[in-house]
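**Q** Found this in TrEMBL, in case it helps:
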- S131: active site, phosphoserine intermediate (ACT_SITE)
- D81, D359, H363, D400, H401, H477: Zn(2+) binding site (BINDING)
- D81, H194, S196, E354: Mg(2+) binding site (BINDING)
- 1-21: signal peptide (SIGNAL)
Amino acid sequence: MLWKPFDIVLLIILIVKCCSGDEYHSNQREIFRSQRYLRNEEERNSEYWINQAQESVKKHAARAEAHPGPSARNIVLFLGDGMSVPTLTAARTLLGQRNGRTGEEAELSFETFPTLGLAKTYCVDAQIADSACTATSYLCGVKTNRGTIGVTGTVERGDCPTSINPHNHVESIAAWALAEGRDAGIVTSARVTHASPAGAYARVAQRDWESDADVRKDGHDPTACPDIAYQLVHQHPGIDFKVILGGGRREFLPNNTVDEEGTFGKRLDGRNLIDEWQMDKIAKNVSNAFIWNRRQLLNINDQLPEYLLGLFEGSHLQYNMERNADTEPTLAELTETAIRSLSRNKNGFFLFVEGGRIDHAHHDNQATLALDETIELSAAVARAAELLDETDSLLVVTSDHAHVMAFNGYTHRGGDVLGPSDSLGDDGLPYMTLSYTNGPGYRAADAVGRVDVTKDKDFGSMQWLYPASVPLSSETHGGDDVAVFARGPHHAMFSGLYEQNVIPHLMAYAACIGPGKHVCDDS
């Protein structure tokens, strides 16, 4: 058999991908990591970031026109994982075109919110961030190192002993809400133990430690450094979350157990954390339910228990365009159930909702799926806006980091955003309106030159790989600033350009929870 250059590159990519730990976030070859780099040592401490954030809060409060208004009783933070500004532009265009319009003039639901800001996403040791250090930033108000969650910059990735020290732990806004008698919950289309939702409850030196098997694989004792799933079920604040909805059953089940859909568990400690979650609620004499499919979710809306755990896949939820509508709920449906459950607390609540698979599709250069997942997040935000009163509920929509998808060319108004540009390259071949600077969509040139990707057999399919300039098994994140949209009490606080870790402090200001300055201080 005669191998073509593109076949060889594709084979290498597949080998690297199948052998990596997290299929979307495997460590790239880092040739400069051992070299010395500049670091502000103060950034290792949580006090540095808290003080910096509080100074920013004071400046925002001084100029916000809505300053004297009432506080927010409820907060919902929506996170489009990897939802870059080009992703927003392309997704709104696709939404409009799906509705029979030219598309460019369309709006995602949250793009109608009255306030827009920008957040800087770098982390303590990373110019371009991952979803772990950013989760600590926008949920805990402190920037930290890449790959770590809920700990200060003193903790290096994988450093189990240092991560145990309580002095190196930070609290999330979910914990701040619980401390004030409000309820809290998480919703995600990824695993509930994945980096973004874990920022609401976990303290861990390695984002990949989702089960005890992952901790052991890295040579550590999970009784010393508990895995993320264990922390969700047995430690504060996760143990007190009223609603937990997403994927990831495998992280909670023993490796000799098969779940409802045929996925093997991962745990080596023999523990069934789903059972242990239920036993904890029974011991506390509170109503509870575990569900795993869409039918159960829709039925339980009629009589919601005090505590609800829903795990709808062994790993991540399926992409919306590929999901089984009989068994798998939409992000909007999950969001509605969570809001209906948490709204029963007269003191209010904090809810985190993640559209997690935008990021995954981008990593695979599958732009069609990434844009559709963005539209699904928009639908979830729209449902929340319908259910919650703007006078007492603050809705914030943002992203953790960008991706390297480009929106380019000189296409006519209304041209297919998923198709090729109107113009040709200097080589006379077409190029796509959407493309990536790196990733598995790389096509090696043949003897003639650049490949005409529009002649691929699967061209135009939802799983088709958009072209990339540099071959990588998984496309990288981008270092762009990300948008922040806000609606509700003190939404004007979110305007301007600021550090990402300011976001939870702004929400806390508006809701009168957590550390530092609050709007209630001036009333």
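Including glycine, each Cβ sits where the backbone N, Cα and C put it.
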**Q** Can you tell which of the recorded positions S131, H194, S196, E354 lies nearest to H401 (Zn(2+) binding site) in space, using Cα positions?
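**A** Among S131, H194, S196, E354, S131.
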**Q** Neighbour count, 10 Å Cβ-Cβ cut-off, for S196 (Mg(2+) binding site): what number do you get?
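**A** The answer is 27.
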**Q** Might you list, by sequence position, any residue in that chain lying six or more from D359 (Zn(2+) binding site) with a Cβ less than 8 Å away from its Cβ?
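**A** Long-range Cβ contacts: Y24, D81, G82, S131, H403.
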**Q** Around the recorded Zn(2+) site, report the further residues of that chain (criterion: Cβ within 8 Å of the mean position of the Cβ atoms of D81, D359, H363, D400, H401, H477; site residues excluded), sequence-ordered.
**A** G82, D130, S131, I358, H362, S399, A402, H403
**Q** Just jot down the residues in the same chain as H363 (Zn(2+) binding site), at least 6 apart in sequence, with C-beta under 8 A of its C-beta; none if empty.
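**A** When sequence neighbours closer than 6 are ignored, H363 (Zn(2+) binding site) has Y24, H25, G82, H403, G439, S474, E475 within Cβ distance under 8 Å.
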**Q** If one measures from the C-alpha of H477 (Zn(2+) binding site) to the C-alpha of H194 (Mg(2+) binding site), what distance in angstrom results, rounded to a whole number?
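**A** Between the Cα atoms of H477 (Zn(2+) binding site) and H194 (Mg(2+) binding site), the distance comes to 17 Å.
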**Q** Measure from the Cβ of the residue listed as 'active site, phosphoserine intermediate' and count the other Cβ atoms within 10 Å, all protein chains considered.
**A** 29
**Q** Roughly how many Å lie between the Cα atoms of D400 (Zn(2+) binding site) and E354 (Mg(2+) binding site), rounded to a whole value?
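**A** Cα-Cα distance, D400 (Zn(2+) binding site) to E354 (Mg(2+) binding site): 10 Å.
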**Q** If you count other C-beta atoms within 10 angstroms, which of the binding-site residues H194, H401, H477 is the most crowded?
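**A** Of the binding-site residues H194, H401, H477, the highest Cβ count within 10 Å belongs to H194.
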**Q** My understanding is the cutoff is Cβ-Cβ under 8 Å with a sequence separation of 6 or more in the same chain; which residues meet that for E354 (Mg(2+) binding site)?
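**A** Expected: F78, L79, G80, D81, I186, V187, T188, S189, A190, S196, P197, G246.
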